[in-house]
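Under the heading compositional bias 'Polar residues', TrEMBL lists 193-204. The annotation domain 'MADS-box' is assigned in TrEMBL to 1-61. Annotation source TrEMBL lists domain 'K-box' at 53-140. Here TrEMBL flags 138-157, 178-215 as region 'Disordered'.
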Amino acid sequence: MGRGRVQLKRIENKISRQVTFSKRRSGLQKKAHEISVLCDADVALIVFSTKGKLFEFSTDSRMERIVEDMNVTLTLSKKNYSGEDLDSLSSRELHSLEHQLESALKRIRTRKEKSLQDQNNLLAKQVKDFKLQYAQGKGEAANTRGADTAGTRGFTSNSIHLQTSSAFPKLQRIPSLTIGAGSQHPTGDEETGSPSRPSSSNTLIPPWLLSHVNR
(Lines of atoms letter the chains of each structure in order from A and count residues from 1; the text may use other names and numbers.)
(Lines give C-alpha, C1' and ligand atoms only; values in the text may rest on other atoms or scores of the structure.)
Protein backbone atom coordinates (compact mmCIF):
# COMPACT_ATOMS: atom_id res chain seq x y z
CA MET A 1 0.00 0.00 0.00
CA GLY A 2 1.64 3.21 -1.16
CA ARG A 3 1.60 6.61 0.46
CA GLY A 4 -1.07 9.08 -0.47
CA ARG A 5 -0.33 12.26 -2.34
CA VAL A 6 1.14 14.92 -0.07
CA GLN A 7 -0.82 18.16 -0.01
CA LEU A 8 1.52 21.11 -0.31
CA LYS A 9 0.54 23.63 2.35
CA ARG A 10 2.08 25.06 5.47
CA ILE A 11 2.24 22.67 8.41
CA GLU A 12 0.48 24.37 11.31
CA ASN A 13 1.99 22.24 14.09
CA LYS A 14 5.38 23.71 15.03
CA ILE A 15 7.02 20.42 16.07
CA SER A 16 5.80 18.58 12.98
CA ARG A 17 7.06 21.45 10.84
CA GLN A 18 10.56 21.24 12.35
CA VAL A 19 10.71 17.45 11.93
CA THR A 20 9.60 17.70 8.29
CA PHE A 21 12.20 20.43 7.60
CA SER A 22 15.01 18.28 8.98
CA LYS A 23 13.99 15.23 6.94
CA ARG A 24 13.44 17.11 3.68
CA ARG A 25 16.70 19.06 4.06
CA SER A 26 18.67 15.86 4.45
CA GLY A 27 16.92 14.37 1.43
CA LEU A 28 17.59 17.51 -0.62
CA GLN A 29 21.31 17.40 0.19
CA LYS A 30 21.40 13.71 -0.76
CA LYS A 31 19.77 14.46 -4.13
CA ALA A 32 22.24 17.32 -4.79
CA HIS A 33 25.18 15.03 -4.08
CA GLU A 34 23.75 12.35 -6.39
CA ILE A 35 23.33 14.84 -9.25
CA SER A 36 26.89 16.15 -8.83
CA VAL A 37 28.36 12.63 -8.93
CA LEU A 38 26.17 11.05 -11.59
CA CYS A 39 26.07 14.01 -14.00
CA ASP A 40 29.46 15.63 -13.20
CA ALA A 41 27.65 18.91 -12.47
CA ASP A 42 28.57 21.77 -10.20
CA VAL A 43 25.86 21.91 -7.57
CA ALA A 44 25.44 24.48 -4.80
CA LEU A 45 22.65 24.29 -2.26
CA ILE A 46 21.79 27.06 0.22
CA VAL A 47 18.96 26.65 2.72
CA PHE A 48 17.84 28.97 5.54
CA SER A 49 15.62 27.68 8.32
CA THR A 50 12.72 29.67 9.79
CA LYS A 51 15.08 30.78 12.57
CA GLY A 52 17.65 32.07 10.06
CA LYS A 53 20.12 29.20 10.39
CA LEU A 54 22.18 28.53 7.24
CA PHE A 55 22.57 25.08 5.67
CA GLU A 56 24.69 24.76 2.52
CA PHE A 57 26.07 22.09 0.21
CA SER A 58 28.42 22.39 -2.75
CA THR A 59 30.28 20.04 -5.05
CA ASP A 60 33.79 19.38 -3.69
CA SER A 61 33.46 22.52 -1.48
CA ARG A 62 33.57 24.87 -4.48
CA MET A 63 30.85 27.25 -3.26
CA GLU A 64 32.78 30.49 -3.96
CA ARG A 65 33.55 29.57 -7.58
CA ILE A 66 29.96 28.53 -8.19
CA VAL A 67 28.70 31.84 -6.77
CA GLU A 68 31.09 33.78 -9.04
CA ASP A 69 29.85 31.88 -12.09
CA MET A 70 26.29 32.64 -11.05
CA ASN A 71 27.05 36.38 -10.84
CA VAL A 72 28.52 36.32 -14.37
CA THR A 73 25.41 34.57 -15.66
CA LEU A 74 23.12 37.10 -13.96
CA THR A 75 25.06 40.00 -15.49
CA LEU A 76 24.76 38.48 -18.96
CA SER A 77 21.02 37.88 -18.49
CA LYS A 78 20.57 41.50 -17.46
CA LYS A 79 22.26 42.63 -20.67
CA ASN A 80 20.06 40.30 -22.71
CA TYR A 81 16.92 41.78 -21.13
CA SER A 82 18.24 45.21 -22.14
CA GLY A 83 18.70 44.04 -25.76
CA GLU A 84 22.49 43.67 -25.56
CA ASP A 85 24.81 40.73 -26.37
CA LEU A 86 22.12 38.81 -28.26
CA ASP A 87 24.50 37.22 -30.80
CA SER A 88 25.31 34.29 -28.57
CA LEU A 89 21.65 33.32 -28.10
CA SER A 90 19.97 30.61 -30.14
CA SER A 91 16.53 30.91 -31.74
CA ARG A 92 14.91 29.05 -28.85
CA GLU A 93 16.63 31.30 -26.31
CA LEU A 94 15.56 34.41 -28.23
CA HIS A 95 11.97 33.18 -28.34
CA SER A 96 12.04 32.49 -24.59
CA LEU A 97 13.51 35.94 -23.95
CA GLU A 98 10.81 37.58 -26.08
CA HIS A 99 8.08 35.73 -24.19
CA GLN A 100 9.53 36.80 -20.85
CA LEU A 101 9.73 40.42 -21.96
CA GLU A 102 6.13 40.39 -23.21
CA SER A 103 4.92 38.94 -19.92
CA ALA A 104 6.93 41.52 -17.99
CA LEU A 105 5.57 44.35 -20.16
CA LYS A 106 2.01 43.14 -19.57
CA ARG A 107 2.53 43.13 -15.81
CA ILE A 108 4.09 46.59 -15.97
CA ARG A 109 1.14 48.00 -17.93
CA THR A 110 -1.35 46.41 -15.54
CA ARG A 111 0.47 47.89 -12.57
CA LYS A 112 0.66 51.28 -14.29
CA GLU A 113 -3.08 51.33 -15.00
CA LYS A 114 -3.84 50.43 -11.39
CA SER A 115 -1.52 53.18 -10.15
CA LEU A 116 -3.18 55.76 -12.41
CA GLN A 117 -6.64 54.63 -11.31
CA ASP A 118 -5.64 54.95 -7.66
CA GLN A 119 -4.33 58.47 -8.32
CA ASN A 120 -7.56 59.44 -10.10
CA ASN A 121 -9.65 58.12 -7.21
CA LEU A 122 -7.52 60.06 -4.73
CA LEU A 123 -7.83 63.29 -6.75
CA ALA A 124 -11.60 62.81 -7.09
CA LYS A 125 -11.90 62.36 -3.34
CA GLN A 126 -9.82 65.49 -2.70
CA VAL A 127 -11.98 67.52 -5.12
CA LYS A 128 -15.16 66.26 -3.43
CA ASP A 129 -13.85 67.16 0.02
CA PHE A 130 -12.79 70.60 -1.23
CA LYS A 131 -16.23 71.28 -2.70
CA LEU A 132 -17.88 70.22 0.55
CA GLN A 133 -15.62 72.48 2.60
CA TYR A 134 -16.22 75.35 0.17
CA ALA A 135 -20.01 74.93 0.40
CA GLN A 136 -19.88 74.87 4.20
CA GLY A 137 -17.65 77.95 4.30
CA LYS A 138 -19.93 79.78 1.85
CA GLY A 139 -23.00 79.03 4.00
CA GLU A 140 -21.28 80.26 7.15
CA ALA A 141 -20.17 83.44 5.35
CA ALA A 142 -23.75 84.07 4.17
CA ASN A 143 -25.10 83.68 7.70
CA THR A 144 -22.45 86.06 9.01
CA ARG A 145 -23.27 88.68 6.34
CA GLY A 146 -27.00 88.39 7.16
CA ALA A 147 -26.36 88.99 10.85
CA ASP A 148 -24.09 91.95 10.06
CA THR A 149 -26.71 93.44 7.70
CA ALA A 150 -29.46 93.18 10.34
CA GLY A 151 -27.22 94.82 12.93
CA THR A 152 -26.29 97.59 10.51
CA ARG A 153 -29.94 98.31 9.71
CA GLY A 154 -30.85 98.51 13.39
CA PHE A 155 -27.92 100.81 14.06
CA THR A 156 -28.86 103.04 11.10
CA SER A 157 -32.50 103.28 12.26
CA ASN A 158 -31.44 104.27 15.76
CA SER A 159 -29.00 106.83 14.37
CA ILE A 160 -31.68 108.41 12.15
CA HIS A 161 -34.09 108.57 15.10
CA LEU A 162 -31.48 110.25 17.28
CA GLN A 163 -30.53 112.71 14.55
CA THR A 164 -34.18 113.61 13.92
CA SER A 165 -34.82 114.15 17.62
CA SER A 166 -31.78 116.40 17.97
CA ALA A 167 -32.53 118.40 14.81
CA PHE A 168 -36.22 118.97 15.63
CA PRO A 169 -36.63 119.42 19.38
CA LYS A 170 -40.09 119.20 20.87
CA LEU A 171 -41.89 122.52 20.50
CA GLN A 172 -43.20 124.07 23.68
CA ARG A 173 -46.42 126.11 23.80
CA ILE A 174 -45.68 129.80 23.96
CA PRO A 175 -48.33 131.81 25.89
CA SER A 176 -50.08 134.47 23.82
CA LEU A 177 -49.29 138.00 24.80
CA THR A 178 -51.74 140.88 24.55
CA ILE A 179 -50.56 144.40 24.83
CA GLY A 180 -52.08 146.00 27.84
CA ALA A 181 -53.86 142.79 28.84
CA GLY A 182 -53.12 140.41 31.63
CA SER A 183 -51.93 136.88 31.03
CA GLN A 184 -54.69 134.42 30.30
CA HIS A 185 -54.63 131.16 32.24
CA PRO A 186 -56.18 128.08 30.73
CA THR A 187 -59.49 127.13 32.14
CA GLY A 188 -60.48 123.72 33.29
CA ASP A 189 -61.90 122.92 29.86
CA GLU A 190 -58.62 123.75 28.15
CA GLU A 191 -56.69 121.49 30.48
CA THR A 192 -59.00 118.58 29.73
CA GLY A 193 -58.84 119.32 26.01
CA SER A 194 -62.55 120.08 25.50
CA PRO A 195 -63.52 123.24 23.58
CA SER A 196 -64.12 126.24 25.87
CA ARG A 197 -66.68 128.93 25.52
CA PRO A 198 -65.60 132.44 24.53
CA SER A 199 -65.10 134.54 27.62
CA SER A 200 -64.90 138.28 27.98
CA SER A 201 -61.40 139.60 28.38
CA ASN A 202 -60.72 141.52 31.54
CA THR A 203 -58.48 144.25 30.12
CA LEU A 204 -56.35 146.08 32.60
CA ILE A 205 -55.91 149.88 31.90
CA PRO A 206 -52.49 151.21 32.66
CA PRO A 207 -52.39 154.01 35.26
CA TRP A 208 -51.05 156.57 32.82
CA LEU A 209 -54.02 155.94 30.46
CA LEU A 210 -56.54 156.00 33.30
CA SER A 211 -55.57 159.53 34.27
CA HIS A 212 -56.38 160.74 30.76
CA VAL A 213 -59.74 158.99 30.73
CA ASN A 214 -60.83 160.58 34.04
CA ARG A 215 -60.28 164.06 32.66
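Using N, Cα and C of the backbone, Cβ positions are placed for all residues, glycine too.
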On the 0 to 100 scale, where does the mean pLDDT of the domain 'K-box' (53-140) fall?
90
For the domain 'MADS-box' (1-61), what are the DSSP-based totals of helix, strand and coil residues?
29 helix, 10 strand, 22 coil
